Amino acid sequence: MNTTSASAASSATPGTVSASAHATSVPDPLATSASPSQAWIPLDPAHPHTSTPLYDVAAIRAIERAGLDSLPPFTLMARAGAAAADWVARHAPAGKVLCLAGSGNNGGDALVAATRLHQSGRRVEAWLTGVPDKLPADAARAWAEARAAGVPVLAMPQDESAALPPWPADCTAILDGLLGIGLNRPAQGQAARWIAHINASGIPVFALDIPSGLFADTGAGQPAVRAQRTLTFLAAKPGLLTLDGRDCAGEIDIAPLGLPYPPADAPVQWASPSASTLTSPSTAQSSAQPAPPAPVAIVNQPAGFAASLPARAHAANKGHFGQLAVIGGNVGMTGAPLLGARAALYLGAGRVHIGFLADNAPAADLVHPELMLHPVARVAIGAMSALVAGPGMGTGTDSAAALETLLDASLAAGTPPALVLDADALNVLAADAALAARFIASGLGMVLTPHPLEAARLLGTHVAEVQRDRLASARTLATRWRAVVVLKGSGTIVAGPCMPSMPSMPSMPSAPSTSPTSPTSPTPPTSPTSPTSPTSPTSPTSPTSPTSSASSAPSASSASSASSASSASSASSASSASSASSASSAPSASSASSASSASSASSASSASSASSASSAPSASSASSASVVSVVPGVSGVSGVSGASGASGASGASGASSASGASLPPPPPLTINPTGNPALATAGTGDVLAGMTGALLAQGMPPHAAACAAVWIHGRAADAFVSAGQGPAGMTASELYGPARQILNALLRGEPA
């Protein structure tokens, strides 16, 4: 596996390098580090002051090259191995450690770790799956030094017909150094056999940089090692946190290897689609000083949204916390809007209504009589602060009519409500191009919350394509729909385009400064874990038939959009994600962009020695200035700096709206780290939609509201499981209490 670099953040609790880790014949490279005691940083999903940046393979290679150019040979590998040895000593059970080394530099890291562990007195064996004479220079040196130090080392037979050796009877931990971040296709042959052998062992596995077989950029992993814990080098990678990543990586620690972390003077400007590197004000005037690589996303942590949470003053009343209506509940599905509306009460919405489509809907909620229940035609849409449409709505003509009425009433309101589109509302729009075009052109602040199948319908493609590169799929949807998109699943992605500020809520009395403040980040962070997904995510490597409604989805020409993300918290970040080209039946949007060096979905840049996943949707290498045609009747938007339009399709800072007003850059892609399999049950998506609507009703901007709701929703499930009551058998309504406790802890500035 390849080494990567990052310096420990001062706010994190770092690990320490044991004295025994320094006992080596190699001059200690850690002595050259600015902070040698900071060996690794735990990735804390609840860290209140940090939004962890995530770098794709191309960016990691650039960081690595900079380190290699500035340090003596072998330094980064020696540091990686030393950090790994101390990390294993800290976390692995007592007993023999089997260090499995592949044929690349990741294997070299494992060999250095074996040498360090052996010199510290730990029982260890090292197995090399490659050919010693064909190792890269640094890995060959690590192999030679392990043998010279007396480490029991074995070169494994290369015959694929031969059985793999049994694991030593006294082995208590496996250090996975088989494959690194350079993997660009599913593991095959002998590598796949070793992965299966590791997973069948029942022995705790500790992965170096990334679990072998997992794609660093996308999280696709079939097959991939399932590790208990992963020590990732230089910086965290998005694939560790989404799709198969969370099942494979386990707990994640980041080892900066003495290099700056996050990269110093990170860029704060947005790159146009033609830019191959990003620039910051401090470096823009000097072509000799290239800007550090930009993160492709950030981890969704409270630092990114806490400052936007609705504070509460003593003099406030229910009117200060908004009015929400949940629209849905057709025949046989009246429970869905009830779940969402009740969740909204628990997250602080001032008043909550339900508009039922079913004629025989309940007149009152005896469990929560605070809710106001109406036939859908009786809901005063224009009086609402926010709307949630879709839970239990159905996909008939009455549902489409309800959505059209909702849209007309929202546009006629003096202050249009913010809007969450969930579940069947998304399915109706996927099948009705004209209605979809009206929503896209409306200018309303919208949050779309699709699971992978719903996202595939909206894009007119297959579930497998959506899952193949979840970051690119989310960014494509956000750009096309001019909305914040919450792509649910393991490692939920939150993406947003350039959007004007939402209308403000009624002014509130000043409240004491008790709500948490994020010292560095007014913008929301990433959305990494899986709120809800009614359908099992399809393996990224297995083909899936198109959905039945794909042919009638809103039409779209092929789109490949590279969009940069804004900085958040300590990581000043710009993210680029190339969008997957979709079928001609998805919402009409054509944008061309040239892939940046940090694009997560593009094919590997020539500067990178290892490409990202070859199965990812390819980014088009198109012109540097192309106009996006979204839907008939909707004005075009540009994907380059300074051009006009309302969508922020890859636009640089300074893009303008159709009216000429300057729009902010799109917020960063975020990946949510909270949540667990307990959420894989009916109704949890309705609860998430209601939580999002509640925060919108209280005046949170759409992206911040989405990030906060996703994080709280997943954290509530984590609390439930931590109490020993899950993951099996949790019901959606059991999220309410923990979610309320978590929200109030955040409002008090306490750990949540």
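Counting begins at 1 with the first residue displayed.
Note that Cβ sites are derived from N, Cα and C of the backbone, with glycine treated the same way.
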Item to check | From GLY304, GLY683, GLY685, the one annotated by TrEMBL with LYS488, GLY489, SER490, GLY491, THR492 for AMP | outcome: GLY685
Checklist entry - According to TrEMBL, which listed range is region 'Disordered': 270-293, 726-749? => result 270-293
Item to check | Additional site residue, ASN105, ASN106 [criterion: listed by TrEMBL with ASP176, SER212 for K(+)] | outcome: ASN106
Item to check | Between ASP176 (K(+) binding site) and ASN184 ((6S)-NADPHX binding site): CA-CA distance (Å) | outcome: 18
Checklist outcome for this item: Expressed in angstrom and rounded to a whole number, the AMP site built from LYS488, GLY489, SER490, GLY491, THR492, GLY685 spans a maximum Cα-Cα distance of 15
Item to check | Mapped DSSP class for GLY491 (AMP binding site), helix or strand or coil | outcome: coil
Checklist outcome for this item: If we take the Cα of SER212 (K(+) binding site) and draw a 10 Å sphere, the binding-site residues of GLY108, ILE181, THR492, GLY685 inside it are ILE181
Item to check | Euclidean distance between Cα atoms of HIS451 ((6S)-NADPHX binding site) and LYS488 (AMP binding site), Å | outcome: 5
Item to check | Greatest C-beta neighbour count within 10 angstroms, which of the binding-site residues ASN106, ASN184, SER212, SER490, THR492 | outcome: THR492
Checklist outcome for this item: Per the 10 Å Cα distance test against GLY489 (AMP binding site), the binding-site residues GLY108, ASP176, HIS451 reduce to HIS451
Item to check | Taken over the domain 'YjeF N-terminal' (60-265), the model's mean pLDDT | outcome: 96
Checklist entry - In Å, rounded, how far does the Cα of HIS451 ((6S)-NADPHX binding site) sit from the Cα of GLY491 (AMP binding site)? => result 12
Checklist outcome for this item: One finds that other Cβ atoms within 10 Å of the Cβ of LYS488 (AMP binding site) number exactly 31
